[in-house]
Amino acid sequence: MSDATQSTPAPKRSALQALEIDTRLLGMVGAFIVVCLVFNVLTDGRFLTPRNIFNLTIQTVSVAIMATGMVFIIVTRHIDLACGALLATCSAIMAMTQTAYLPQLVGLPLGHPAIPWIAIAVGMSAGALIGAFQGWMVGYLAIPAFIVTLGGLLIWRNVGWYLTNGQTIGPLDPTFMQFGGINGTLGTTWSWIIGILAVVAAIWALFSARRNKIAHDFPVKPMWAELVNAGIIATAVLGFIAILNSYEIPRGRLRRLFEARGETLPDDFTAAYGLPISVLLLIAIAIGMTVIAKKTRLGRYIFATGGNPDAAELSGVNTRLLTVKVFALMGALCAISAVVASARLTNHSNDIGTLDELRVIAAAVIGGTALSGGIGTIHGAILGALIMQSLQSGMAMVGVDAPLQNIVVGTVLVVAVLVDIIYRKRLGAK
Amino acid sequence: MATPLVDLKDISISFGGVRAVDNVSINLMPGEVVGLLGHNGAGKSTLIKILSGAYQKDSGEIWIDGEKAEINSPRDARRYNIETIYQTLALADNLDAASNLFLGRELTTAFGFVDEAKMESETKKIMARLNPNFKKLGEPVSALSGGQRQSVAIARAVYFNAKILIMDEPTAALGVHETQMVADLIKELKAQGLGIFLISHDTREMLDLCDRVSVMKNGALVGTERVEDVTEDDILSMIILGKNPKEAA
Ligand SMILES: Nc1ncnc2c1ncn2[C@@H]1O[C@H](COP(=O)(O)OP(=O)(O)OP(=O)(O)O)[C@@H](O)[C@H]1O
Ligand SMILES: [Mg+2]
C-alpha cells in the first residue's frame, strides 16, 4: 500500500486545473450556453433579449427552489414524488388564509399589512409539517420514500382541492404577489447595489477561504487563478444585473403606474424592471442551502448517509431523524415555491404545480445529483432547472409542437444521465 | 480483584433461527488486550457489535467500570468512550478522509459551522503517525486502497481518546510495515491504560499482542486463556476442535 507514486505532486498543472473549476460544472454551463445560442439563432435573436432572459429566470424560480431541496432528498437515497402536489396544498392554504380565514375568521381587513406574512408563515409551517410527517413514515416506519410520496402525490393535490372546493382563489394580496416576478422587481438602482454587494461578498469569501488554507499550511491556487475566478464571478453577476436592468417597463404599464398615483407620465421617462424579488429569493435560498450542504453538520450527515447509511449510523448519526429533517426542509421549500408560483399567476388554481415533481427531479438529476446517493450540488440543480426551462421556452418560441417538446425534454433527461455516468466512469469515481 | 473495564455477562443474540452468539461471557481489564479467535462465522464480530451498539443483545448484561450499562445504539457506546474499527470499515465512500474521521463529531467554528481546515490538519497529523505515506487527504475514500481505507478507520477510532477500543481485523488489508505500525500503536495505547478487544485470524500475531485470548466456535465460547499458559497448537486445536486441551487434560 505504498503511495510512492503519489508522494511527488503532479509537476505540471494545466491552467484549468490551477483554476480548480469543477469540469462537470463547466460542461453544464457549456451545454446551457449552446442551448441558448442555438435557440437564439433559430428565433432570429429573440431568445437572448433582456425581455426573454427576464421571463426565463422568473419561470425557473419555482422549480429551482424545490430542486435545491430535492438534491438533499436524492443524496440521502430517497425521492419525493409529492412536491408538486404539496406545492398545490401549500398554495391553497396560503390563498385561503389571506382571502378567507384571516379576513373572515380573525377579522383582519383585506389588504392589512400583516396578511401576506401570516399567510406565508402558515403555508411554510404546513409544508414543513407535512414534509416531516412524510419523512417520519420513511425514516421511522421504513416505508420506501417512493411509496410514501406516490401516495402523497394523490393525497396532497386533492387535499388542496377540498380546501378551496376546487375553485380558483384570487386575486391574492398585492404584497404577496410581489414574490411572483414581474409584479415585484427592485428597479435599476437597487439591482446594481445588490449586484455589487454580491460581488464584494463573493470575493471576500474567496479570499477568506484562501487565508484560512494558508493558516493551516494547505496548498492554495496561484494568485492569478484566484483573480481570474473573482473576475469570472464579477462579470457573471454584474452582466446578469445589466441585462435585467436593460429590460424596460413598457410605456403602457408605466402610464398605469403613474395614473394609479394620480400623476401623469412624463414623455422622456423610462424605467427598467431590474432584479425580480423572486430571483433574489432563489439566490438567497441557493446560498443558504449551499451553506447547509458544505458548512454544517446537517449537511455532512446528509452526504455521509447518502454515501453509506450504515457507516453514518455506526458513526452516531441519527439517520432516521435526519430523514425527517430532510423531508421537512423539502416541505418548507415547496411552500416557498408555492408563494412564487401562485404570486406569478396572481391566483391559486387547482392545477398549480402539476407535473412539477418530474421537472424538479429532472433538474436535480441533470444538475448532477446521483440517484445512487451521496453526490449532488445545489448550484448544479439550479443550473439543471435553468437548462430545462430554456429548452421548454425555446422550443415554444420556435413553434415546436407540444408533444414533440415533451419528447425532446424526456430524451435530454435520459441522455444527460448517460453522459454523467460515462463521465464519472472516466473519472474513476462511483 | 480490580473491577474490569468491560464485563460482558451471558450475552446471546439470534438472527432468525441462527444463534450467532450463545451465552458468552468475557471481560477486559484496563491496559489489557484481549484477543478473540475463531473460525469464519464463529460470532466474533457479532459479539463485539453488541458492545459497540450496532446490534442489541437478546439477553445478557454489559457492565462498564463496575456499573451496568445500557447500550442500544452506537451513540450510547460512544458515550462510554467505546470506539470501534469495524471489519467492514464503515466509511462513507463519497467523503474524504477528514470527513470520515470526524463523522458524527465534527469540529466547529465559533459560528457553529464545520471547521474544514482544522479537521484536515488534524487528520494530517494523526495519519502521519499511522501511515506516513498517506497523501490523499482531499480525495473521497473510494479512491483509496484497502489498506489506506483501513488506516482511516483506525485513525478515527484512536483520535477521540477512547477508553475501550474494539478492533475487528484491523490489519487484514495492511502491508508488513503498516501492520507493524498498528502493532506498535496497540502497545502504546495499552501502556496508556486503554482496554482493547482485538479480533484477528493471525494466531502468532495474537499471541504476541494479547494478554489473554478467547476462542469462539459456533457462537459459543470455547475458553479464555492467558497467552503465557498456551502454545500456538493449543489455540489452533481450540479453534478447530472447539475443545480446550488444558481442560481436557
Ligand atoms: N445481520 C445479520 N443477519 C443475519 N445473520 C447474521 C448477521 N450478522 C451475522 N450473522 C450470522 O451470525 C454468525 C456469526 O457471524 P460473525 O460475523 O459474528 O462471524 P465472525 O466470527 O466475525 O466471522 P469472520 O471471521 O468471518 O469475520 C454467522 O453465521 C452469520 O451468518
Ligand atoms: Mg467478523
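Using N, Cα and C of the backbone, Cβ positions are placed for all residues, glycine too.
Automated prediction, rather than curation, is the source of TrEMBL annotations.
The feature transmembrane segment is assigned by TrEMBL to A:21-41, A:53-74, A:81-102, A:114-133, A:138-156, A:189-207, A:227-247, A:271-293, A:322-341, A:361-386, A:407-423.
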Surrounding residues of the transmembrane segment (A:81-102) on its own chain - C-beta under 8 Å, 6+ positions past either end: 62, 66, 69-70, 108, 110, 112, 115-116, 118-120, 122-124, 126-127, 130-131, 134, 146, 148-157, 159-161, 163-164, 169-170, 172-173, 176, 330-331, 334-335, 337-339, 341-342, 347-348, 350-358, 360-361
Range from A:189-207, A:271-293, A:322-341, A:361-386, A:407-423 with the greatest count of C-beta pairs under 8 A to the transmembrane segment (A:114-133): A:322-341
Candidate ranges A:138-156, A:189-207, A:322-341, A:407-423 - greatest C-beta contact count to the transmembrane segment (A:53-74) (under 8 angstroms): A:322-341
Residues of the parent chain within Cβ reach of the transmembrane segment (A:322-341), under 8 Å, 6 or more residues beyond its termini: 61-63, 65-66, 68-70, 72-73, 76, 78, 80, 83, 86-88, 90-91, 94, 120, 123-124, 126-132, 134-136, 138-140, 176, 179-181, 278, 281, 285, 298, 301-302, 305, 312, 352-353, 356
Proximity verdict for the transmembrane segment (A:189-207) and the transmembrane segment (A:138-156), three or more C-beta pairs under 8 Å: no
Tertiary contacts of the transmembrane segment (A:271-293) (same chain, 6+ residues out, Cβ under 8 Å): 54, 57-58, 60-61, 64-65, 68-69, 71-72, 178-182, 184-188, 190-191, 194-195, 198, 241, 244-249, 254, 299, 302-303, 333, 336, 340, 343-344, 377-379, 382
